[in-house]
2 protein chains.
Amino acid sequence: MEKYIYSFAEGKKEMKQLLGGKGANLAEMKRLGLPVPDGFTLTTTCCLAYYENGKVFPDTLGTTIAESLKILEQQTHKGFGSLEAPLLISVRSGSVRSMPGMMDTILNIGLNDDTVKMLASQTGDKRFAYDCYRRLIQMFGNVVYSIPAEAFEIVLTHLKEQRGIQLDTELTGDDLHSLTIEYQHIFRQKTGRRFPQDPMQQLLLATQAVFNSWYNPRAITYRQLNNIDEHLGTAVTIQEMVFGNNGKNSGTGVCFTRNPSNGEKKLYGEFLLNAQGEDVVAGIRTPQPISDLAVTMPTIYTEFKRCAALLEQHYQEMQDIEFTIDNGQLYFLQTRNGKRTASAAIQILMDFLAEGLLTKEEVVDKVTFDMMEQALHPSFSEEELAEHSPFAIGLPASPGAAVGRIYFSAEAAQLASENDEAVILVRQETSPEDITGMIVSEAIITSRGGMTSHAAVVARGMGTPCVAGCHDLIINAEKQTLTHPSGQLKEGDWLAVDGSSGKIYTHVFELTQTAITPAFEQLMVLLTDMSDIDVRANADTATDLQTALYFGATGVGLTRTEHMFFAPERLIEMRRLILADTATAREIPLNKLQHFQTSDFEELFRCANERPLTIRLLDPPYHEFLPHDISEKNALAKALGISKTQLDQRLSELQESNPMMGHRGIRLAMSYPEIYKMQVTAIINSALVLEDEGLTVIPEIMIPLVGSVTELKWMRHYLETAITELLVEKNSHLTYKIGTMIEIPRACLTAHEIADTADFFSFGTNDLTQLVYGFSRDDVAKFLPLYLEKGLLPHDPFQTIDIDGVGQLMKQAITLAKKAQPQLKIGVCGELGGDPESVAYFHSIGVDYVSCSPFRVPLAKLALAKASIEAETFIVI
Amino acid sequence: MEKYIYSFAEGKKEMKQLLGGKGANLAEMKRLGLPVPDGFTLTTTCCLAYYENGKVFPDTLGTTIAESLKILEQQTHKGFGSLEAPLLISVRSGSVRSMPGMMDTILNIGLNDDTVKMLASQTGDKRFAYDCYRRLIQMFGNVVYSIPAEAFEIVLTHLKEQRGIQLDTELTGDDLHSLTIEYQHIFRQKTGRRFPQDPMQQLLLATQAVFNSWYNPRAITYRQLNNIDEHLGTAVTIQEMVFGNNGKNSGTGVCFTRNPSNGEKKLYGEFLLNAQGEDVVAGIRTPQPISDLAVTMPTIYTEFKRCAALLEQHYQEMQDIEFTIDNGQLYFLQTRNGKRTASAAIQILMDFLAEGLLTKEEVVDKVTFDMMEQALHPSFSEEELAEHSPFAIGLPASPGAAVGRIYFSAEAAQLASENDEAVILVRQETSPEDITGMIVSEAIITSRGGMTSHAAVVARGMGTPCVAGCHDLIINAEKQTLTHPSGQLKEGDWLAVDGSSGKIYTHVFELTQTAITPAFEQLMVLLTDMSDIDVRANADTATDLQTALYFGATGVGLTRTEHMFFAPERLIEMRRLILADTATAREIPLNKLQHFQTSDFEELFRCANERPLTIRLLDPPYHEFLPHDISEKNALAKALGISKTQLDQRLSELQESNPMMGHRGIRLAMSYPEIYKMQVTAIINSALVLEDEGLTVIPEIMIPLVGSVTELKWMRHYLETAITELLVEKNSHLTYKIGTMIEIPRACLTAHEIADTADFFSFGTNDLTQLVYGFSRDDVAKFLPLYLEKGLLPHDPFQTIDIDGVGQLMKQAITLAKKAQPQLKIGVCGELGGDPESVAYFHSIGVDYVSCSPFRVPLAKLALAKASIEAETFIVI
């Protein structure tokens, strides 16, 4: 027969599933030798059996409870219902996952018209005894028979009016005695029966009522909101009562073992003398800080400190403790892992490490990704969020939260920012021309585009919150309005943006600040130590790179050169280049661009300071550099001295049906190889400048969009010829690498061939995912939300690796490539390089490094440290 | 030491590589016991050694030639240089691959001032003897010493003027004697040396000259044009002379063993009595048909017929024979496989099969894809083509040739066609709205789009020639002009279009007609017998389907339903559907469309007549159905009763950045499942109509663009629920299948999962190739030509399977799928399903059927028959 009851002596913390959090932790504290009132726990399986049985106790339960009570009586030297030493008990719910306040509790069971008298005489405090009794009648009536609390409160209030007093505590023992009589009267009126005088009957009814509370409406809603399985059931813990209000040598309190805001190693809590928990809630008296206890009850304080340290050491987490002092005797009533800020959590873990309480591996295991995100980005408080519905919902494109006024163009955003306004930039979609506006904004909202759209990628790079692909928004930049089924906003209106959830609010929330503390920095060092593969950063500018290096990136896995062409003086040259008819006409703009690029790369190399720097040659199709609106077109035609018709014709020639799969990357360079030659010349020349200064720079040149080894062979030969000429001229022996993006499915399928011609591989997961799924990144927002909603996809494959499809193909490619070239260095520089789950997968299939936007470096490091430890563990086992 | 000389007795036809075509075939005829003048052949390796040796004969060659001559003298009972019975020989080139007329030949070697007299007295014909001698001097002078032929011709002309005669033949023996003296004089003048009187010297110099002619400018050019390797070298055949002009019992002729135009089994040739080959060329007398020989020389005719049959039987091909009758003795001088029309070739092969001359396997082996293409499509004659440069070159998007007048819109094309004009439709790119214009056109030209563009796919379906992606053309539909760097054309101008080569000409060529003869039909039956997998057709209309069935398609592998929505009365409903805001508003157009679809499918099912019919549900993105130009938009807004702004907004919402990877196929159906439900209802209802008539119809419903099994599961369940309702209502037990396109790389990678939910797979190679390469079909023309030119791709992967990439992925998918579901039927319905090389590959990786456009069914059948035989052979071995 199944065992439905465990005494505290039989339980332990690992039995949470069976005993609930409270029951397991009480047993554990008991095992640790802490002063805990005795008791026993009815298991969650008992609860389930109760429900299976049609809400009837399993046959033998009554007998078993009686037996357990017998033992409790022996332990406490009291008797349940005894008139000599009456045993009073509490009946409390305790589920596996914390559901604070959602289920019911009944205290003081065992009191009746007779035992209450005994309690009064034993304690010499009639007031105390009858107060306990009237609380029992009220709680029992309310929980077991659903008598509204007000039915009792009215009588209480009436009595206080009669007595002309304000506070319950001003009532005398006699007042309370008469109240118990009135309460019993109400009980009988409401239920048609007498308040049970048999303690055993009280206990059984109370237990049943607590089981029933598993399905009360509050609990159901809470479980739904928090994804708690209803089939877990609740345990019920039955425990001897202790009283913090049992005279001046009594008291009650709560305490965190460390400071939950900043993690400081110092008890952080409060207590009230001669009071019960509910008195603290009532707020009659101001509690004292826990440190006062050292003065008031020094022995107890010393004992408390010892026990708290013991608990912390034992649980290896900061503890949140409830305690009671009953007539000079300290009791621990609850302990659990304490809620704390990310900053505190990290501080505590690093302290635990320093104290030898945790190993490095344990610290890595205990750091969560949420913790890291919260430490890195500002956020809104959960409590506040719960009180406001979002105005609109889009894709959580770049984490963090911000509030500000909305502006509809980069120019307006800049202007407002100059007037010290907090700006939210709102665009249908951003293009590289918006970059100045994006830089000054607190957050970015777009109505189109997905997780890898321009807005999303750039925002993540800058650590700016972004909600992208918010399809329900109709953005009219001209009229400066933002329309949503739920209302219209205009320029200057306030919005709050939560880039971590993709939600936008019209309520102006307060922001919790980020916490990049010394402990965070120590953690970064630890994570780097613990990872067996590198984390590089995607960085297009020296600023990006500095951020990345601060977070411990070991180099740059991806520098996108196209973003370098958008400053006005460069863009005009780029346009001149694109619109040139002949190779000769291309020469002038190419020379100018080479000049710009050389200084770009010089700055980056200098900042990277001998760390590897992978530069991707021009990737996007030409038309991305061309103007879209008429006034800009006219200006361009004028600047270039060509007719509008000529310009229009060239623009139309460059138009593509599916530009993502069009004339771009190495394909464009096959048609106009002099562009790559210019870029490579700039790279080598800038490296030579640093070489002259005594720095060892090994440029890594990366070719995008290779699908066949023949392409890479041709281009490699072409570029090497150009480089050799430069090096011979400068009499330099600079080493350099030429590698390729692996982002076309065909490159994966023929990776063994390509491996022979490449010095390194770098997976471009954005393009690869796009092609493996046939999901256009720019258009996916039209159907992806529905796909996620219908469960057709477990997650957005642009955010988290699709292991079965994209991942499988990457794995194949790595196997093929490493077989052909075991020494080949293989990285991932696509968006997924910063996603923890994806990074763990990449680790498992043998990539040598991942590269991600600077603000995701810490997350990637954490994922890799975790994955490395796991892999290590497997090996050991 | 290497053997450089082979007597005819030592050679055979398999030694072509060594002996050249002529040498090998002469030896073979000798082996067959045919009357062939004796001789021997210097090998191609001898030629190569000669060149390696710095154009000097290998050391021992002189000796070996002398030895071979000795044997020849014994065989002929003549002596080289002998005054009693002088042996005269010819020295002819003979390369491995036919290079007609490109290299040199010298006849009558062995004649000198002495032997010529002997010849005169032996033959009793001084005129004949000296004519032979003067030809030798001229030929030798020209070939060995490059004396221009005119140097000799002037003298000859002068002599004829002196004699007052017109023809060479009117010259007397004495005239010719004196001419040989004058010719020798010229020879001495031009070369500074005497015309060699030593026959052996003549022979060696002649041989050397023929070797040298391998590198004459004509030969070099010819090899370049025909991709003949210069390292093959030429053989030289030395053979006893026989003379057709040796009296009235002599003659010469050429003869095909069957009619080269239509393949009729009847000798087809002509001959001239008392004449040499060059007399036939000179056209002095009209040759007689070969049948006359039966009358003139019945014994020889009988012998000729016997030998011709023997040769045909031996070579298993129609033969092209050169023969000479020398004083009543028949000699065969050459035999080779005869050039014939595709129609003749097929007739002959089927006759050979009937005659038991060839097995079925041999016939299949001998049928070529070119033959098939020529039989199916009209073409221009190669001779004519060689004389004209193309006006422009594009992609060979649909084979066949046509001439007609150009028109720039579907309307103009229709109007011109109604006036009985031959129309060439010229468009930047076609869209489904152009379909009526395409139907009436002889050919279609587009300046954009690739091999799988709308124009290309539709044209191939209709068997209409098409040149697509002709990027150099600037098409101005408004001004009705077609501009190319080489000139401008306007509406009504003539063009000739060669869809097989992608070339366009302003010259109006004559067309050779197609040849779908009874023999062709027999061949189709044979191919079907010989294939171990099925060929289905891609057919959207009953007309397509009829064509396909005529060519022996076993069913329909792909019916695209989207083309059914383009008739005006349907298009408006489709647009109404797309622009509807609510499910209710969608109901009316859906009902109307369902009505249309039901009759579409009923017609197709009726035509398929119990053969399998696979119907693909709606695939393209919505915006393909929407109007593009302003007037059409206005008309639509009016028809739908909405404002232009509303229309524009909806149009802009439907716009996509990369529509090929956008909201289409099953993705669109996830958003609006009622569309697929409508289509499936129409399919089932129409099948039920035929079921009522007693036909067994098993509809195959195909879902496009599936990338995850979850999509197919959801949709299958949704559609099955709808179908079950229909069947229950009609109390029918109709069976049906639900399968999926495999065209997304992810579907290949997860084929094992999808296999469990699909009744069949059909690879869509167009989309699959597009995604595996990341090559947009609509944009690929911008860089594909360069890629092919640079050798970066071996061929257009949209035309011929990319085995290493796309093919590899398909193979993986098949392996995964068949492992999960061994019974799963797997087909290919993409464009490559009609390409022979691709089809052979598909056969090898285990597909169960291929499906292609109707006019490609014969090609696919041929490819499969060949592949099946090859696979069979492997098994036997």
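Positions of Cβ are set from backbone N, Cα and C atoms, glycine also.
Copied over from TrEMBL, here are the features:
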- A:His454: active site, tele-phosphohistidine intermediate (ACT_SITE)
- A:Cys829: active site, proton donor (ACT_SITE)
- A:Arg560, A:Arg616, A:Glu743, A:Gly764, A:Thr765, A:Asn766, A:Asp767: substrate binding site (BINDING)
- A:Glu743, A:Asp767: Mg(2+) binding site (BINDING)
- A:17-55: domain 'Pyruvate phosphate dikinase AMP/ATP-binding' (DOMAIN)
- A:57-290: domain 'Pyruvate phosphate dikinase AMP/ATP-binding' (DOMAIN)
- A:303-346: domain 'Pyruvate phosphate dikinase AMP/ATP-binding' (DOMAIN)
- A:421-502: domain 'PEP-utilising enzyme mobile' (DOMAIN)
- A:520-867: domain 'PEP-utilising enzyme C-terminal' (DOMAIN)
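Sequence features annotated in TrEMBL and their locations in the structure.
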| residue | record | DSSP class |
| --- | --- | --- |
| A:His454 | active site, tele-phosphohistidine intermediate | helix |
| A:Arg560 | substrate binding site | strand |
| A:Arg616 | substrate binding site | strand |
| A:Glu743 | substrate binding site | coil |
| A:Gly764 | substrate binding site | coil |
| A:Cys829 | active site, proton donor | coil |
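Most Cβ pairs under 8 Å with the domain 'Pyruvate phosphate dikinase AMP/ATP-binding' (A:17-55) belong to A:303-346, among the candidate stretches A:303-346, A:421-502, A:520-867. The subset of binding-site residues A:Arg560, A:Thr765, A:Asn766 lying near chain B, with Cβ atoms under 8 Å apart, is empty. Distance from the CA of A:Cys829 (active site, proton donor) to the CA of A:Gly764 (substrate binding site) is 6 Å. Beyond its flanks by at least six residues, the domain 'Pyruvate phosphate dikinase AMP/ATP-binding' (A:303-346) meets 13, 21-22, 25-26, 28-29, 32, 34-37, 98, 242-244, 246-247, 249-263, 267, 269, 271, 277, 293, 297, 352, 357-358, 362, 366-367, 370-375, 512, 515, 517, 519-520, 523 of its own chain at Cβ-Cβ distances under 8 Å. When pLDDT values are averaged over the domain 'PEP-utilising enzyme C-terminal' (A:520-867), the model yields 93. Across the residues annotated as binding substrate (A:Arg560, A:Arg616, A:Glu743, A:Gly764, A:Thr765, A:Asn766, A:Asp767), the widest Cα-Cα separation comes to 15 Å. Taking the mean position of the Cβ atoms of A:Arg560, A:Arg616, A:Glu743, A:Gly764, A:Thr765, A:Asn766, A:Asp767 as the substrate site, the remaining same-chain residues with a Cβ inside 8 Å of that point are A:Leu558, A:Asp619, A:Pro704, A:Met741, A:Phe763, A:Leu768, A:Cys829, A:Gly830. For the pair A:Glu743 (substrate binding site) and A:Cys829 (active site, proton donor), the C-alpha distance works out to 10 angstrom. All protein chains considered, the CB of A:Cys829 (active site, proton donor) has 29 other CB atoms within 10 Å. Contacts of A:Arg616 (substrate binding site) defined by a Cβ separation under 8 A and a same-chain sequence distance of 6+ are given as A:Leu558, A:Thr559, A:Arg560, A:Thr561, A:Met702, A:Ile703, A:Pro704, A:Met741, in order along the sequence. Here the Cβ of A:Asn766 (substrate binding site) has 20 other Cβ atoms within 10 Å, regardless of which shown protein chain they belong to. Residue pair the residue listed as 'active site, tele-phosphohistidine intermediate' / the residue listed as 'active site, proton donor' shows a Cα separation of 16 Å. Over all protein chains present, the Cβ of A:Thr765 (substrate binding site) has 29 other Cβ atoms lying within 10 Å.
Taking only the Cα positions, the spacing between A:Cys829 (active site, proton donor) and A:Asn766 (substrate binding site) is 9 angstrom. Around A:Asp767 (substrate binding site), the C-beta neighbours below 8 angstroms that are at least 6 residues distant in the chain are A:Met660, A:Leu705, A:Met741, A:Glu743, A:Ile744, A:Gly830. Neighbour density at the Cβ, taken as the number of other Cβ atoms within 10 Å, is lowest among the recorded positions A:His454, A:Gly764 for A:His454. Residues in the domain 'Pyruvate phosphate dikinase AMP/ATP-binding' (A:303-346) partition by DSSP class (helix H, G, I; strand E, B; coil) as 18 helix, 17 strand, 9 coil.
Remark: secondary structure over the domain 'PEP-utilising enzyme mobile' (A:421-502) totals 17 helix, 28 strand, 37 coil, with classes taken from DSSP.
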